[in-house]
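First the structure, in the form of structure tokens, and then the observations on it.
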Amino acid sequence: MKIVLYLLFYIITSIMILTYLFKEKKVVDYINKIVDKLLAKLGFESEKIRNDKILIFLNTLVLIILGILALNVDYTRNEILPIKNKIIIIGMIMNFSMLLGMYFKKYYYEHVAILNIVLIVFGKAMFGVDDKYFFIINIMLSIASIILIIYSNIELTNKIKKIFNSMYIIILVLIIQGYYLGNYAIPTGSMEPTIKVGDRIFANNVSYRFKSPQIGDIISFKEPLDNSLMYTKRITGTAGNTFKINEADHNIYINGEKSSLNREYSIEGILKLYNNPEIYIPKKGDKVKLLNILELDIVNGNGVIEIKREEFLAKNISKKYYKYLFGFFNSNTLDQISGVEQDLSNKRYTYVLESEGRFVLPILDFKYDEKLMTRLLNGEEIELESNYYMAMGDNTRNSNDSRFFGYVKEERIYGKLLLRWYPFNRVGLLNE
């Protein structure tokens with residue numbers, strides 16, 4: 001059923017994209033008719049500005065707020081993603097310039113709205129811009145510029161039409177970025193030498209909607225530690241198979257046979273803690289239950305200790321903190337879990353599972369579902385609704401991957417990385 005729905009989605013969105021590419025004027029005319037009807041119903045008509053002094057006051061107020069917020073924006077150059085700093089600076093200059101135009105009877109409010117909507121949608125996804133004050137500025141200016149367009153009433157219809165047409169283009173780009181051709185910036189060296197820090201990669205976001213990832217595929221996925229960042233790793237094990245790193249040649253063995261990867265990997269993380277066991281990668285329909293909980297003291301550096309679920313339950317931790325406390329080496333700060341006692345806020349936990357007597361690495365997706373996590377901690381079996389994968393970095397000694405945080409759920413996988421397009425002197429297909 002899911003494949004049928006995706007097929008319908010791609011048919012509809014392909015028609016939308018192709019129609020805009022080859023019949024742009026018809027699409028624009030159709031959008032303009034919708035805007036005309038909408039404005040007519042709302043009773044808006046373009047006319048000369050009602051009160052020039054009030055508009056000057058509102059514009060000046062927006063500029064003052066923008067200036068105050070701009071002082072808090074981080075303009076520091078990012079050596080890994082230098083484009084991030086450039087986008088912030090260019091965005092600020094353009095916003096100030098367009099707002100100052102009002103004092104010279106140049107009204108660019110629709111361009112301010114379009115610019116900031118684009119930055120909200122694509123700033124982080126495409127350029128790595130994650131400054132919260134810059135994001136607040138984008139939201140504030142998007143709202144303020146639309147208010148100023150409506151109040152000024154200067155060429156209102158044309159300005160609203162420009163915004164609606166731009167929004168349609170943004171929606172198409174979002175669809176392409178999310179479901180057709182992903183565009184990723186690489187911030188770490190975990191996939192070196194295959195992919196280097198600062199590389200920009202295009203990914204095929206279509207194939208995994210219709211088929212499963214295979215061993216050797218380089219994938220983009222949302223990590224399960226914090227559920228916020230996109231990671232890039234290589235599939236080293238697939239659902240329903242056993243996995244082991246051979247201690248002699250450091251190659252991966254699947255179901256007892258040497259993997260086709262023919263790459264060496266180090267024994268790290270949970271694999272090292274448990275003396276490199278043969279692990280089972282669960283598939284949809286398998287049942288898993290809790291084996292042990294691991295506790296890490298992140299402040300005092302006392303190492304990892306193994307505790308039983310009864311010991312953990314005796315701590316009486318509120319369920320709402322599970323998503324913060326479970327997962328070694330996540331980015332959650334003590335402030336995020338300030339509601340728990342100090343001794344507990346110094347700790348992080350993870351867990352190992354078993355399925356019919358087979359050793360299973362963590363499935364951290366459980367921690368985002370309080371009911372499932374409670375059942376797991378109570379010793380109940382959980383029937384899995386998805387397939388899971390091992391995802392590891394080629395830079396085996398410098399990669400936070402499945403050896404540490406456990407398996408990657410199939411639904412977390414976005415696309416298969418295919419083509420490096422930046423830097424330009426290294427453009428080409430990725431080596432498998």
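Placement of Cβ uses the backbone N, Cα and C atoms for every residue, glycine included.
Note that TrEMBL annotation is computational and uncurated.
Annotated features, as they stand in TrEMBL:
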TRANSMEM  6-22  transmembrane segment
TRANSMEM  54-75  transmembrane segment
TRANSMEM  87-104  transmembrane segment
TRANSMEM  111-127  transmembrane segment
TRANSMEM  133-151  transmembrane segment
TRANSMEM  163-182  transmembrane segment
DOMAIN    167-422  domain 'Peptidase S26'
ACT_SITE  S190  active site
ACT_SITE  K233  active site
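Neighbour density at the Cβ, taken as the number of other Cβ atoms within 10 Å, is lowest among the active-site residues S190, K233 for S190. Across the fold, the C-alpha of S190 (active site) and the C-alpha of K233 (active site) stand 8 Å from each other.
Below 8 A, the CB atoms of the transmembrane segment (133-151) and the transmembrane segment (54-75) form 3+ pairs separated by six or more positions in the chain.
S190 (active site) falls outside any helix or strand according to DSSP and counts as coil.
Against the transmembrane segment (163-182), the recorded stretches 6-22, 54-75, 87-104 differ in Cβ pairs under 8 Å, and the greatest number is found for 6-22. Sequence-distant contacts of the transmembrane segment (54-75) (same chain, at least 6 residues past either end, Cβ-Cβ under 8 Å): 85, 88-89, 92, 95-96, 99-100, 102-103, 131, 133-134, 136-137, 140-141, 144, 147-148, 151-152. Averaged over the domain 'Peptidase S26' (167-422), the predicted model has a pLDDT of 90. In the three-state DSSP reading, K233 (active site) counts as strand.
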